[in-house]
Amino acid sequence: MRYLIIALAPLAWLLLLAMSACLLGFGLLQLTGDVLPLAKVVSRLTLILLLISIFPLRKALHLSWQDLGFATCPVFFRQVGYGFLLAVITLLPVLIVLYGLDVHVWDLSRVWTLAKIVEKTGLALLFALLIAINEEILFRGLLLSALRRHFSLVVAIAISSFYYAALHFLKSRGQIPYDQQTLSSGFELMAEAFANWLNPDIVSALIALFVVGVFLAILRSHIPQSLGLTIGCHAGWVWQIKLSKDLFNVNPQADYLYLVSAYDGVVGPLVSVWLVIAIMVWLKMQQKSVIRA
């Protein structure tokens, strides 16, 4: 029972922050007016509260920044560079295969100039870094480190990777008109967002993101203070996916459309299989290096 409580504690914390975001979101819109959909406000506030909570939780759990995986600045930035290179090595072949199979087709409707290419590339990189820094500190830093105190490495990786994957599908598509919003409206949207976890359409993307989480967690666990490596790898993946979505469209008539999911047109069965192979190769190499040592 103790281990079940620990495993479900992150979910309870997420629920608490989501409920707080529901109340704050309603109050904020009452003050500012109908500037944004309530669902979007609640979603953003939940994420902000989740990221802010890293600081008090780190202290409450007596975890140092080194425990979370941060190395010294020169090492950290070097790790980010290596991680970015690893991202290109691991994802670019997938994108090439998807293009070769006509799953991704060139978007002929767009007109590109050098200035526009530089702008898109730079913005994609900026957003990719922001996403990677926040998610890696939260999942491969705080959550994985906390779980390792109570579970074996395999179990801790599995739990943290599940939460990482599941959070991507905590979404509500419902719209409540501003003049019909009440104090309970946010909670209705929150219930819809959590119910989305039961949507069978997300299964292939959920599995793929779970494998992504496992891949990053293995990197983080097998190399001491390597959060910079996972941040770089995560950022490199997001950057390539964002650029791919700018340059290509998903072909709904493709014979191999099942290789991707509707989540972003990239993650899906192909990514799952490819990264499982990468994990197996990595672990085999680690095993051989241990035997030689």
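Every residue, even glycine, has its Cβ placed from backbone N, Cα and C.
Per TrEMBL, the feature domain 'CAAX prenyl protease 2/Lysostaphin resistance protein A-like' maps to 122-238. Residues or ranges marked as transmembrane segment in TrEMBL: 41-61, 82-101, 121-139, 151-170, 202-219, 226-244, 256-283.
By number of Cβ pairs under 8 Å, the transmembrane segment (151-170) is matched best by 202-219 from the list 41-61, 82-101, 121-139, 202-219, 226-244. Only sequence-distant pairs (6 or more apart) were considered; of these, at least three Cβ pairs between the transmembrane segment (41-61) and the transmembrane segment (121-139) are under 8 A, so the stretches are in contact. Tallying C-beta pairs under 8 angstroms between the transmembrane segment (202-219) and each of 121-139, 226-244, 256-283 places 256-283 first. Non-local neighbours of the transmembrane segment (256-283) in the same chain are 90, 93-95, 97-98, 101-104, 168, 201-202, 204-205, 207-209, 211-212, 214-215, 218, 222, 241, 244-245, 250; each lies 6+ residues outside the stretch with a CB under 8 Å from one of its CB atoms.
Mean pLDDT across the domain 'CAAX prenyl protease 2/Lysostaphin resistance protein A-like' (122-238) comes to 94 in this model.
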